[in-house]
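Colleague: Features from Swiss-Prot:
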BINDING   PRO97, PRO98, ALA99, ARG100, GLY101, LEU102, GLY103, SER104, SER105, ALA106, THR107  ATP binding site
Amino acid sequence: MSSPEVGKKIIVTVPSTTANLGPGFDCLGAALDLYNEFIFTRIDGGRDRFDLIMESTDGNHLRGGPENLVFRAAQKVWESANIKPFALEARVKLAVPPARGLGSSATAIVAGLIGANAIMNSPLPKEKLLELAIDIEGHPDNVVPSLLGGLCLTARSSSQRWRIIRCDWHDSIKTVVAIPAIRLSTSEARRVMPKNVPISDAVTNMGALTLLLNGLKTGNDELIKEGMFDKLHEPYRWKLIKGGLEVKDAALQAGALGCAISGAGPSILALCKKDKGREVSQAMVKAWENSGVASRAPYLNVQTTGSQFRDISGK
């Protein structure tokens, strides 16, 4: 397959995600309507040339090289499709803050896969892109909803194949995500977790996951309250999030149905009914302020369409 013409341009829009949703450690995640935007352009240059220009919402510009996740994902597409690498520029508008537990790394991986694939007229099917995304990320709960949208449960079957289930999310259940002005890396958050957990904790999580999924499907308040409970990772990670437990308590007192660490943190997800959204948001921001942490708590919707791309060559 020949390289695309110089100047060909693809825009990819990728949603943020909230993963480890309640008891769904490393298997359950949902896409949210906060996006990173990537523009891929075929440029002149040698096959090892990859220009990455990132613009954050605060106007800062950064550059990245071949070690960047976008480039690594693009390489996976070229290898899988037996395509000779070519010079590529990726210009990124960042709205999803990094190291906040909102799947910023997943957006880079998914965008690199989709962009590199689309600019070659999509030789790889979406199923293959999902497989590559999970392989690069190491776990599925961010990249799968980021690519597909909605609430996704992903598990490895007895045949070692990944099985993905799109789960229902009732319209009455809304999300507030409190995003602090502090960072927490996934690697740091994983280091505090034990290698083994009691069987009773695993059983508790399995039961809670069943309750939560049924509650989200039906909009049943009580099932959500009882299901938003975790014993596998949150007990070990709360200590890494300054003021986190106080923020959780404030959200629940303001009427949230449940609260959880978003991804590896430090952002905190609250589930609530629509009429409680403003109160929950204000309570979470105030609680973090009392701990000396600046934050914002936007009211985000579950995004159901996943990542999108289109050809904008000549524009």
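Heads up, the Cβ atoms here are built off N, Cα and C, so glycines get one too.
Relative to the rest of the structure, where do these features sit?
Modeller: Counting only residues at least six positions away in the same chain, the Cβ atoms of SER16, THR17, THR18, ALA19, GLY29, VAL96, ASN142, VAL143, SER146, GLY263 sit under 8 Å from the Cβ of GLY103 (ATP binding site).
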Colleague: Taking the center of the Cβ atoms of PRO97, PRO98, ALA99, ARG100, GLY101, LEU102, GLY103, SER104, SER105, ALA106, THR107 at the recorded ATP site, which other residues in this chain have a Cβ no more than 8 Å from that point?
Modeller: SER16, VAL96, GLY263
Colleague: I need the least crowded one of these binding-site residues (PRO97, GLY101), counting other C-beta atoms within 10 angstroms of each C-beta.
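Modeller: Candidates: the binding-site residues PRO97, GLY101. Fewest Cβ atoms within 10 Å: PRO97.
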Colleague: Just jot down the residues in the same chain as SER105 (ATP binding site), at least 6 apart in sequence, with C-beta under 8 A of its C-beta; none if empty.
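Modeller: Result: LEU69, PRO98, GLU137, ASN142, THR186.
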